[in-house]
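Contents: one structure, followed by commentary.
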Amino acid sequence: QDLDHVFMRF
C-alpha cells in the first residue's frame, strides 16, 4: 500500500 509513502511525504 501507499501508506508508507503518505507518511514519508510529511
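The backbone N, Cα and C atoms fix where each Cβ goes, and this holds for glycine too.
What Swiss-Prot annotates here:
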type	residues	note
MOD_RES	Q1	pyrrolidone carboxylic acid
MOD_RES	M8	methionine sulfoxide
MOD_RES	F10	phenylalanine amide
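By the criterion of other Cβ atoms within 10 Å of the residue's own Cβ, the least surrounded of the modified residues Q1, M8 is Q1.
Rounded to a whole value, the Cα-Cα separation of Q1 (pyrrolidone carboxylic acid) and M8 (methionine sulfoxide) is 13 Å.
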